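Student: Heads up, here are the entries from TrEMBL:
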TRANSMEM  12-33  transmembrane segment
TRANSMEM  45-68  transmembrane segment
TRANSMEM  75-100  transmembrane segment
DISULFID  130-146  disulfide bond
TRANSMEM  173-193  transmembrane segment
């Protein structure tokens with residue numbers, strides 16, 4: 001049988017959803033690991049990562065159950081949800097790749113000011129830096145309460161410079177990975193659509209005679 005029949009489509013769709021399940025579990029595990037080691041204690045960051053992981057896991061479960069049972073309703077909702085996820089993810093991935101350094105600076109400034117002092121001190125310790133950008137009074141206030149170890153023996157580098165470097169790398173990686181996975185979602189929609197329209201030879205063997 002050529003790869004295009006009922007069994008091949010079913011196996012391909014199952015394999016794709018198993019990959020989605022592993023990615024979802026990986027996101028949840030990484031968030032739990034980061035919390036356990038005290039790397040990040042921000043509830044919003046951890047909650048966001050876990051929410052994405054759980055959402056991806058649920059979509060994968062729906063697709064897997066629909067593929068195994070050839071369930072028309074589940075496969076239909078799976079196609080719709082995965083198509084909507086593709087649209088959002090494709091747009092966000094393109095935005096990540098298009099963000100310039102000036103926009104990143106504005107976002108970092110705005111985010112830093114709404115962070116709690118505890119989160120700011122955690123970031124300063126993690127990146128071994130003090131303050132955000134050299135903005136006179138604000139920088140002096142941040143530097144005075146800086147908890148980084150670099151203050152003991154040298155002048156500390158500005159956190160904003162380190163954040164810009166890491167954010168630029170992170171945005172490129174996130175944009176590239178997101179763009180890649182968005183096309184796998186289109187593959188999932190196509191496989192589900194094709195699989196829904198195929199007849200199960202075990203349920204109706206006479207259809208293939």
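Glycine is treated like the rest: Cβ placed from N, Cα and C.
Unlike curated records, TrEMBL annotations are generated automatically.
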Student: For the transmembrane segment (173-193), give me same-chain residues lying six or more residues beyond its boundaries with a C-beta closer than 8 angstroms to one of its C-beta atoms, as numbers and ranges.
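Tutor: For the transmembrane segment (173-193), the sequence-distant neighbours (Cβ-Cβ under 8 Å, at least 6 residues beyond its ends) are 9, 12-13, 16-17, 19-20, 63, 66-67, 75, 78-79, 82-83, 85-86, 89-90, 92-97.
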Student: Across all the protein chains here, work out how many other Cβ atoms are within 10 Å of the Cβ of residue 130 (disulfide bond).
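Tutor: The answer is 21 other Cβ atoms.
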Student: Around residue 146 (disulfide bond), which residues of its chain at least 6 apart sit with Cβ under 8 Å of its Cβ?
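Tutor: Listed in sequence order: 121, 124, 130, 131, 156.
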